[in-house]
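Database features, via TrEMBL:
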DOMAIN    58-187  domain 'MATH'
DOMAIN    218-279  domain 'BTB'
């Protein structure tokens with residue numbers, strides 16, 4: 001009875017949350033206007049940059065952030081300066097660091113987003129190296145992305161949970177230079193003359209593109225909405241641990257060489273197969289939410305990451321509740337935390353969403369998390 005009373009009280013508080021936004025409980029360290037500025041800066045309006053590249057261009061930057069800013073929770077996000085290549089001043093890149101608070105691990109984790117600031121008239125291939133520089137200027141905690149097509153002002157690369165605050169504090173003697181943390185970023189944009197060579201070397205799976213939706217050599221059928229799609233066990237097995245496990249067991253689907261997918265429509269399944277066979281995802285903007293879910297089911301982690309990045313780009317006050325529910329349902333914790341922070345920051349507008357009252361009633365556990373986050377209760 002007591003718990004029911006608390007829930008009713010809690011819902012009552014949330015439904016009247018607008019009354020509380022002028023009180024000191026919601027005096028955030030980061031103002032909403034600054035976060036809005038962050039979003040506008042990530043995707044600014046700029047003039048088209050049109051050029052032909054015969055050679056490879058390399059963009060390098062070293063970004064210094066003070067340990068004090070990291071340790072004292074002084075920011076939710078920060079942006080670097082725009083950096084260029086000496087041979088081409090028209091193209092600019094920017095790093096954004098985003099803080100995620102993990103209450104379970106009692107640590108703050110920092111993710112990096114790499115953005116192209118200009119509009120590219122056509123797709124180019126690029127790869128990114130990201131790391132920290134220690135006090136001897138040596139690269140540590142170094143990661144390199146795969147080669148990827150970029151186009152326009154895309155969120156080109158994401159390095160999730162690149163390091164934690166505890167890691168920095170525990171290694172401060174080696175990492176910090178005059179009290180600052182140095183982040184190193186190198187972006188390699190491949191020239192037009194390199195496009196064919198690099199697209200061939202990008203992934204062995206790309207060479208299977210001619211087999212997509214082809215009956216040639218097919219040995220497995222996926223049925224969706226009454227439509228049969230011819231596929232190839234080897235290709236599916238290479239890209240999906242779920243399909244691989246299916247093909248190495250005695251389940252009915254393996255014996256009959258057929259599986260029926262009932263929880264996704266044919267467009268989503270075909271787009272997943274397009275990615276499996278070609279490493280491309282033409283409908284990612286339209287189907288990002290569904291593709292993240294189907295990629296989660298079949299453990300296609302790179303597709304899940306691409307879909308998740310697209311959701312970050314399209315997140316707004318009108319869809320944040322839907323994204324939060326999906327992220328919570330499928331344990332996409334990074335997106336979930338991003339949505340929670342977004343709602344707290346933009347609460348005055350989100351509570352005007354037509355689905356808000358239904359969300360409050362149907363998802364009390366998420367509401368509890370939101371309330372604790374808003375009140376800074378761990």
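Glycine is no exception: its Cβ is also placed from the backbone N, Cα and C atoms.
Automatic, uncurated: that is what TrEMBL annotation is.
Residue counts of the domain 'MATH' (58-187) by helix, strand and coil are 15 helix, 79 strand, 36 coil (DSSP-based). Taking DSSP states H, G and I as helix and E and B as strand, the domain 'BTB' (218-279) has 32 helix, 13 strand, 17 coil. Averaged over the domain 'BTB' (218-279), the predicted model has a pLDDT of 88.
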